[in-house]
Amino acid sequence: MGNTHNVTEFVFLGLSSNQDVQKVFFVLFLLLYIAVVLGNLLIVLIVMTSRRLGSPMYFFLSYLSFVEICYSSTTAPKLISDLLAERKAISLWGCMTQLFFMHFFGGTEILLLTVMAYDRYVAICRPLNYTVIMNWQVCAVLVGMAWVGGFVHSFAQILLIFRLPFCGPNVIDHYFCDLLPVLKLACSDTFLIGVLIVANGGTLSVISFGIILASYVVILLHLRTRSSEGRSKALSTCGSHITVVTLFFGPCIFIYLRPSTTLSVDKTVAVFYTVITPLLNPVIYSLRNAEVKKAMKKLWIRTMKLEEK
């Protein structure tokens, strides 16, 4: 990072400067983060231990839950510890690392949600060929492609900002290192880089969202020929995925698909997609999915029996 960087650390303004509010936020976000980790770990554990949940849909769901834990962990622990700190600072290298892993896991999640939409399309529109098309080799390749795609997306983003000169000021009006607030502090013309960053992140979000939307349009058209019972069952599994997609893509498109400017509402939106959405995902999938609820009940009964012994 060479001689172009006089800045060795960045200082966050955080969510609030009020000490009492920060203490309340500390308790709130600590509880939320614990719930994110435990909720998503529970989904992973249920899928791994239940024979009922052996289909590709739940295979992808377990990976999505794992990615949610990793994604939330790139920002939440730092946010929580900073709420009790007088000075909220992060090193330049720490900032770049946080940027990389946030976009790595975020990009992977976007691609996993796209893969899950394709899985639902095949299951509903081509049910007779489902086991052939979505065999375990294909599933493993799709998950691998999601990880590789997330890495390429993040590497491209960090490459654009990595060599920018930072010579002061070093105060970020945020609670973590995100691209646009960090870009604002560079002491050089960043217009072109800002456009490339928006093009990279925005294109990934819009194309993936477009593919997911197209998949569900085709699914809905196909369901017109099904019985009311078949439509209800198909829409139940699709409804959970559509809800998760909307909750994740909405804030992402708002943040990354606009000119490279920062708004005061960005921090609130960021809280939603870094903490709230990862918490809601396991709740949505467990409450709207009968198979997951049955598997959860069996796991609970099995655990109680082991404790009695």
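Cβ coordinates come from backbone N, Cα and C, glycine included.
For reference, TrEMBL has these:
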type	residues	note
TRANSMEM	24-48	transmembrane segment
DOMAIN	39-285	domain 'G-protein coupled receptors family 1 profile'
TRANSMEM	60-80	transmembrane segment
TRANSMEM	100-118	transmembrane segment
TRANSMEM	138-162	transmembrane segment
TRANSMEM	191-223	transmembrane segment
TRANSMEM	235-257	transmembrane segment
TRANSMEM	269-287	transmembrane segment
Which of 24-48, 60-80, 100-118, 138-162, 269-287 contacts the transmembrane segment (191-223) most, counting Cβ pairs under 8 Å: 100-118
Long-range environment of the transmembrane segment (138-162) - Cβ separation under 8 angstroms, sequence gap at least 6: 1, 56, 59-60, 63, 96, 99-112, 114-115, 118, 179, 182-183, 186, 193, 196-197, 200-201, 204
Residue numbers, six or more beyond the limits of the transmembrane segment (24-48), whose CB comes under 8 Å of its CB atoms: 15-16, 58-59, 61-62, 65-66, 68-69, 72-73, 76-77, 79-80, 83-84, 275-276, 278-279, 281-283, 285-286, 292, 295-296, 299
Contact set, same chain, for the transmembrane segment (60-80): CB under 8 Å, 6 or more residues outside the stretch: 14-15, 26, 29-30, 32-33, 36-37, 40-41, 43-44, 47-48, 90, 98, 101-102, 105-106, 108-109, 112-113, 115-116, 119, 139, 142-143, 146, 175-176, 270, 274-275, 278, 281-282, 285
